[in-house]
Amino acid sequence: MDTKPSVGYLGMGIMGTAMAGRLIDAGFPVTVWNRSKDKCEPMRAKGAKVADTPQEVVETCDVTFACTSDPTSARAVVFGQNGVLAGITAGKRYVDLSTVDEECVQEIAAAITASGGRFLEAPVSGSKGPALNGQLVILSAGEEALQKEVQPMFDVLGKRTFFLGEAGAGARMKLVVNMVMGINMVALCEGLAVGQKAGLAGNDILEVIKEGAIASPMYGLKGPKMLEGDFAPNFPLKHQQKDVRLAVDLGDKVGQPMPLAAAANESFKAARASGKGDDDFSAVYATVKQP
Ligand code: NAP
């Protein structure tokens, strides 16, 4: 007999689809919902139920996960009509994996717990590949007992789970990590751009970086694709810009000057303004390089 708890998943974007797929493969009974319903079809084909509203997912599942774009969407699925909050009753468990700011996390945590529900934030580090392979790093915070309860599901999704304390700490950690990643991406773009304009071969630049102390999996993964002009989205640029912007906001809040993050934010903003928001975040290369 299958004793696995039923899992709801809200948001069938790049990350949600990959994670829900793994949970189905691991034998959890999964119910999915997405604002644009057609994106639920791949999971239906894998055996998931498809719900009409977030409320229905929460009402029918033991635990509900969500992974949507940004603070606006995270709030919309919770507070909107037939949203998560409408389905929360005593003991209902809600885990939000979206990358948002701490104010958003705390607002959602307060609303869920005020209705008798239980809340955990769990933004993830790692992109489409790690999500498909169960290699994410999970940055959880909120109710620690809930983290322990959902750890069997986190074990299907990730290679390591951190518990960071009160709700909001996961968002802070995620923004710090993605800010560093965004700055590093723009640094690689500038290096490739100036090097090639100075007559060096792009592949040689990547090979030299690879052999030294600044080698990184991200440079190894993204560099060759950038030179080939392959910007198919694993991590959409619009989300990277959102993360650097929210990190700059965090710097404002705590009084930390962040000139590099601010500069990276401007590069991603310019790329977004030129229509690259849905491309991979490495598409900032074309904006940095300029003709
Ligand atoms: P995505 O492919 O762009 O998917 C975004 C999802 O959010 C879609 O399901 C979309 O629904 C939903 N959504 C957007 N606005 C909404 C609204 N107002 N109401 C309800 N749903 C809404 O994004 P993703 O790459 O999966 O990323 C999801 C989250 O994970 C983001 O916070 C991102 O920063 C974070 N993250 C992403 C990566 C990555 O590498 N991709 C890695 C770590 C963390 P529709 O289909 O209807 O538009």
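Along the chain as shown, residues are numbered 1 onward.
Note: Cβ is positioned from N, Cα and C throughout, glycine not excepted.
What TrEMBL says about a protein is an automatic prediction, not a curated fact.
Annotation source TrEMBL lists domain '6-phosphogluconate dehydrogenase NADP-binding' at 7-165.
Here the domain '3-hydroxyisobutyrate dehydrogenase-like NAD-binding' (168-286) has a mean pLDDT of 98 out of 100. Annotation comment: TrEMBL describes 168-286 as domain '3-hydroxyisobutyrate dehydrogenase-like NAD-binding'.
A simple way to gauge crowding: the CB of Lys174 (active site) has 28 other CB atoms within 10 angstroms, across all the protein chains here. In the three-state DSSP classification, Lys174 (active site) falls within a helix. TrEMBL lists Lys174 with the feature active site.
Counted with DSSP, the domain '3-hydroxyisobutyrate dehydrogenase-like NAD-binding' (168-286) comes out as 93 helix, 2 strand, 24 coil.
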